[in-house]
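The transmembrane segment feature in TrEMBL is assigned to 39-66, 78-99, 111-133, 153-172, 197-221, 249-271, 303-325. What TrEMBL records for 55-248 is domain 'G-protein coupled receptors family 1 profile'.
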Amino acid sequence: MVHINLTQLAHDCELHMSEQEVDQIERRHARLDKSTNSILLMTPIFSIISFVFASTLLFAIIYALLRRKIPSRKYSIIISRTAADIFSSVLIAAASLFANSYSASYMVLALFLYICTFGVIQLTSSHIAVIILRQISVTRPYGFQSICSIRRLSLVVGFTWCLSIMYAAAYAPMTTVIVDASKEDTVCPYHNCQRPLIITAITIIVISMFTVLGSYGIVVAKMAQIAHSEKMHNEPEMTRKRMQKFFKFGGHLALYTLIVSLIFVGSLFILHNAEDYHRINRMIAINCDVYDYLNIKLRLETIAGGAGLLWCVRIIFDVVITFLAEIRLLPWLRLDNLQSLDNNRIVSVRHGLGWQKGCVNCPVFNIENRLHPLDFKN
């Protein structure tokens, strides 16, 4: 995208415009400045709030893990996601705080590109990893800890970060053009580079969203099948309890679907306006089409800035949902019925045949055995 000195352009084109056209351009330019100032004001506020929320969640998870109140396997993935959210908050806050009225448009477009690449891939892979963990814990309960060892989960976390960084790095030429438009023809021409990259990002967003929702639906259906089988065989309904807890994770996916859907719609608008923006830029010095240029720039800045704010809102509500779904993360809350969990052993409850000490002519087994809350931690 080629950036234009509006002051010089307006001076050069003033002789070719009527007073009404000049007045419309001035009003449009004032609206663009107002939008820019709003973005420069709101973005740091939301990013700092999201940083505080994400940091609080990270410290709460680490504290709960040290106290052995939560399972380390599942929350190793959540720690990775929270660390990525902290990184995103810091990046958005730093970019918005150091931006000015001239560089704000370029800043929000670069952040929008970051969210569509690194942000979406990191969040998607984290959600898929949690869903796979739940699938393994249900279908292979006795081999869960050997299959999902800490070493393997560390490799999974490392893979998600490498995948996200490599995918974002593929868009480095486009980021270079956004920051320095003079390199467009040599680094990343619009039709041969920028447009294909935008279309690829849109496609990946759609695939990611349907992959997460499809995986969640498959696991829920499998859990419902196992829970029905346990009920029919008069077995302890442990899977039904786990499924109810897994529904709480659906809150994260609902928020993910909402935010990513809005980013997808914004990406479509970005693609449409970027093409018009590129076409007008090539001819603006001849046609003096300043008004349309300002309109397109205003739309691009509004969409990209809104996406950055939505991402910060997503981080905040993800933290809230995590605390609501897992009350054990609250460090000041003491639950007498919860004990420390040793992650090196498999916690299970034997139901069925069980001798009762000191009892004569007692029933051999008791179907109504109550389950301990720790039975559902994995």
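Just so you know, the numbers here start at 1 and follow the chain as drawn.
Backbone N, Cα and C define each Cβ position, glycine as well.
A TrEMBL annotation is a machine prediction, not a hand-curated record.
Long-range contacts of the transmembrane segment (303-325) within its own chain (CB-CB distance under 8 A, at least 6 residues past either end) are made by residues 35, 38-39, 42-43, 46-47, 49-50, 53-54, 56-57, 60, 78, 81-82, 85, 88-89, 92, 96, 108-109, 111-112, 115-116, 119, 245, 248-249, 251-252, 255-256, 259, 262-263, 266, 269-270, 273. Per-residue pLDDT, averaged across the domain 'G-protein coupled receptors family 1 profile' (55-248), gives 88.
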